[in-house]
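Here is the structure we will look at, set down as structure tokens.
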Amino acid sequence: MSRIADTFAELQSKGRKALIPYVTAGFPFVDITPALMHGMVEAGADVIELGVPFSDPMADGPVIQKAGEKALALGVGLAQVLEMVRSFRLRNSTTPVVLMGYANPVERYEQRHGKGAFARDAGEAGVDGVLIVDYPPEECEQFAADLRGHGIDLIFLLAPTSTAERMQQVARVASGYVYYVSLKGVTGSGALDTAAVEAMLPRIREHVKIPVGVGFGIRDAATAQAIGRVADAVVIGSRIIQLIEDQPHEKVVGITVDFLRGVRKALDA
């Protein structure tokens, strides 16, 4: 079993839900990411999603776009993100790390380092899962096999508009968990309709037999608690970015820890 599968199995045995915070790698300071990841774990995170900065992030709302632009300006690319994961792994060998991003940086990395280099290097760095927003499941079988060969799960997004056929395609190649995008549109947008999420999850579970995480639009502990009643995991990203984007270096980790502790407490209530 993968580290992600182990984590979900352990949580399910205790009747708990996974807390999955997201942050753009290298934001808001290029050297802060490993410390921020350790803070997230201390606050109760079960899995960490690290955003790989990209210049044209079509699924990201303005908050995460801006974070990505800042990280890119600081010189953060895929190679630097893998180095951050390596650094995190020096002190943590148990918390799963998922890279979330777009096809272009992966393809550029492979052009530079050779075919299969991404899966190899991500596995060596200690990455557990990869979510590539613009890789369709029907074209991913080889990529999924490459990742599996290095112990890495391939994670997919599902949306309110996803058809049964799409869910079946995802179910064939996905592992670890699937990420249900609870709003139409981009990350961090609009208010979350928890009743609509609750209605959708049984449809997803008809086809997908791995855990389902829900994200996009979860901004506070109360919403996380409501989603945690029906989903296997709660993903929070834009809100964390907003909380830390204008903070001085010495406050970033503490602010994140305080916020996530409140969410963890609500999820466990």
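Note: Cβ is positioned from N, Cα and C throughout, glycine not excepted.
Per Swiss-Prot, the features are as follows:
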| type | residues | note |
| --- | --- | --- |
| ACT_SITE | Glu49 | active site, proton acceptor |
| ACT_SITE | Asp60 | active site, proton acceptor |
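Counted within 10 Å of its Cβ, the other Cβ atoms near Asp60 (active site, proton acceptor) come to 25, all protein chains included. Straight-line distance linking the Cα atoms of Glu49 (active site, proton acceptor) and Asp60 (active site, proton acceptor), rounded to a whole number, equals 14 Å. Counting every protein chain shown, 25 other Cβ atoms lie within 10 Å of the Cβ of Glu49 (active site, proton acceptor).
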